[in-house]
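Novice: Structure below; questions to follow.
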Amino acid sequence: MEDVRAIAEKDPHCSSWGSNNSSSEDILMEVGTSSWNRSVCAIFHMEKKSSVVVGMKVWMVILFLVHLFIELFYLRKTSQPVTDVHRVSRYLRLFLMLVLVLWFSKADFWLGCRQDFIWQMGVLAVLQSSIHVVLTLNKVPRFSGFMPVDAMHLFRFSLALVPLILFLLSFTVAFHLLLTKNASFSSVPVSFVKTITWMLGDLGYDDTFQDDQSPVNFPIMTHILFLVFILCIGGLLFNFVLASPTEKLLELRNEDDFNRAVAHLHIHLLIDECVPHMRKRNAQSHVKHSGSPRPHLYVSSQTNKNT
């Protein structure tokens, strides 16, 4: 062990023990093999930077706690329904971030290593954070670029996708049974993704039907089914165009304008709920007599007190 550490100090890239193409004995990770030596070398260099890793982890935990406090303050102040898409995404993002900052072993804490599952949760946390930024900017009137989406919109959209998903699943199973030797159709989930790419126009005919490494076992049936799939996709697009008249599009545009106006109102109410002292500080009032014995009170939100 000490000899390996001594060599590792002079080898920052851990390349003194041969290439990365491990032999059968290296796969066993026995003491003295090149794979074992490279692993010890890598761990040695990681331990040298453990203080930086621990400092970054502590900093991440502090940032997460501050962010968690702000989020809980926001959720307590607002009165959004439980099924609100933005609210659900906040809970999911906080959970994924919590899984990311936690450590489940000493290697996680000192070396910054992550298990495959934790790493994937971290990727989802980054994705959720990016989506959260987009949804937050969408609430600002100047940056509003998407129609506000709620649970009912998602439910209607899901119902509209049910026939299309069933249609794709039918061809997915058929292509999986005919093209099992092809890597793109080796399983039903992978075949489903490949079928979706076909629907979007990325056919890749040569890679699927002219590949010498994975020849087609049933060429006639497969080609006929492929042509039927293309014709059905064209029919679906034509049906979609005919089933979307101008009146329906105008109705959707009017609904979109209404939803945007509601979103603009929500951002003002959100500021009033989260930061009420700003409203009290900037609002002014004046009394206007309209000839009746009882005066009427009008409240304006003008910030300039000289007007």
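One-based numbering along the chain as shown.
Glycine too: its Cβ is placed from the backbone N, Cα and C atoms.
Annotations per TrEMBL:
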type	residues	note
COMPBIAS	282-291	compositional bias 'Basic residues'
REGION	282-307	region 'Disordered'
TRANSMEM	58-76	transmembrane segment
TRANSMEM	88-105	transmembrane segment
TRANSMEM	117-137	transmembrane segment
TRANSMEM	157-179	transmembrane segment
TRANSMEM	220-243	transmembrane segment
Novice: Which residues of the same chain, at least 6 past either end of the transmembrane segment (88-105), have a Cβ under 8 Å from a Cβ in it?
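Specialist: For the transmembrane segment (88-105), the far contacts come to 57, 60-61, 64, 67-68, 71, 75, 82, 113, 115, 118, 121-122, 124-125, 128-129, 131-132, 135.
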Novice: When you scan the chain for residues with a C-beta under 8 Å from the transmembrane segment (157-179), skipping those not six or more beyond its ends, what do you find?
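Specialist: Here the qualifying positions are 185, 187-188, 191-192, 194-196, 199, 208, 214, 216-218, 221-222, 225, 229, 232, 236.
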